[in-house]
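Structure record follows, encoded as structure tokens.
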Amino acid sequence: MNYTIDTVVAISTPPGRGGIGIIRISGKSVPEIAPKLLGKIPNPRKAEYLPFLDTDGSILERVIALFFPEPNSFTGENILEIHGHGGQIILDILLERILKTSSDIRIAHPGEFTKRAFLNNKIDLVQAEAIADIIDATSYQAAKSASNSLQGIFSRKIYIILEQLTNLRMYAESSIDFSEDEISIIPYEDIKKKLRNIISDVQKMYKSTYHGVLLREGIKIVIAGKPNAGKSSLFNALVGIDRAIISTISGTTRDTLHEYIQLNGIAFHITDTAGLQKKSDNEIEQIGMKRTWEELSNADHILWVIDPNDVTNKENDITLKHVEKVLFCKNKKTPITIIHNKSDLTKNQIGISIINNYTIITLSALFNDGTDLLQEYLSNNIKSKIQQDCKSNLSENQGNFIARRRHLNALEKSSKYLFSAQTQLLSTMSINELFAEDLGLAHKELSKIFGKFTPDDLLKRIFSTFCIGK
């Protein structure tokens, strides 16, 4: 079904000079517009070299034209693509000429071509988002994973869960309808088993989706520890520039600093923080420590930096245990790696060891000695974790997929309703309306991933982040 009545046009290539410039037109008026511009309607799905005509019939440009009749096109509508020279002036001239050919043609909004593809059921909302994620990818792994999402890997896994949930809802509703007749549509134990399997699948999918979010947004690494432990030196060494001021004076860093790096195709967001201590009478230091706690609460991985002079100091252990306690209370199991810094002073051997279930890396941040070991450890650790958590959900040849926070929220809400349904089922030992209602709410939350039951303002916000011409 075609949801649009007007025709839209936009330059699809980036602004500026280039070898080729592309203009895309989509809508019902394309067959009417094409002869005015090209003297004919190009043969479907075949590249044709044609003159691009002005209003008086003179040739403005010679172009390659491609015509895709509805419904077999990206948007599901008639599409005409004009491939000409890549100068901005000539593209603007061609665009102005196109806008004069019909009264119902207008400039496309950002992401409108992709939105039309979604509205015309050519792609689902996850695939639409994957298109934007491919364009915006900041690492090789993110681009590859976004491509997997575009191919439908993520969508297929969710659709399977939705199908299972639909069948369970059908059994539940039927059992309720025939309860007065004492007709058992499906045994109670079978219902319980099916629900348990769905909950398990949703939880596995949540893990995989979480790592899909990390691949899209980047892994948040927070560097923390006591004042003057060498946190800023480590930050500078990891990001490759002297971004943070370093000094022997305790408490030099008062605010958080953020930088982005790539390690083996994975995006990392490195954050330097103010030092943590038991107490401080300095108001600025107090604000800095408050921000450090905020960063730690949102970290995907923590690097806890220790000054060699404080290794035997119990305050380091007390502060670290306090960090772990706070994170535990917030239901966060953030991995922590301990960094024994300043090996240039202690002459300790650079390397990796495991002590009391902590991974400990000895290095010299100031002299950038051993930081390559840390970088390799971080990238390998993240890759291993992603592969391990996704292994039960995806076959080896499928690979990872990209995901967004809203997908996580939908899975989390759906899981809560499923657990509520399970509680209802086990407590009453029967299939009732409350059980069926929880299943319906879980189904609705999962369906939001694909744009069903999704508010128009959210759809508008999603597509507004796209490029014009996409």
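Cβ coordinates come from backbone N, Cα and C, glycine included.
Under a cutoff of 8 A between CB atoms, and with a sequence separation of 6+ in the same chain, the neighbours of ARG24 ((6S)-5-formyl-5,6,7,8-tetrahydrofolate binding site) are VAL9, ALA10, SER12, ILE79, LEU80, GLU81, ILE82, ALA108, PHE113, GLY469. Under the three-state DSSP scheme, ARG24 ((6S)-5-formyl-5,6,7,8-tetrahydrofolate binding site) falls in the strand class. The (6S)-5-formyl-5,6,7,8-tetrahydrofolate binding site annotation in Swiss-Prot covers ARG24, GLU81, LYS122, LYS470, and the record cites sequence analysis as its basis.
The number of other Cβ atoms within 10 Å of the Cβ belonging to SER232 (Mg(2+) binding site), over all protein chains shown, comes to 25. The GTP binding site annotation in Swiss-Prot covers 228-233, 247-253, 272-275 and rests on sequence analysis.
Here Swiss-Prot flags ASN228, SER247, ILE249, THR252 as K(+) binding site.
Secondary structure at SER232 (Mg(2+) binding site), as computed by DSSP, is helix. Among the features that Swiss-Prot reports, Mg(2+) binding site is placed at SER232, THR253.
Positions annotated as domain 'TrmE-type G' by Swiss-Prot: 218-383.
Cβ neighbour counts within 10 Å, taken over all protein chains shown, single out LYS231 as the most crowded of the binding-site residues LYS122, LYS231.
Using a 10 Å radius centred on the Cβ of GLU81 ((6S)-5-formyl-5,6,7,8-tetrahydrofolate binding site) and all shown protein chains, the other Cβ atoms total 20. Confidence over the domain 'TrmE-type G' (218-383), given as mean pLDDT on the 0 to 100 scale, stands at 81. The Cβ of ALA274 (GTP binding site) has 27 neighbouring Cβ atoms from other residues within 10 Å, across all protein chains displayed.
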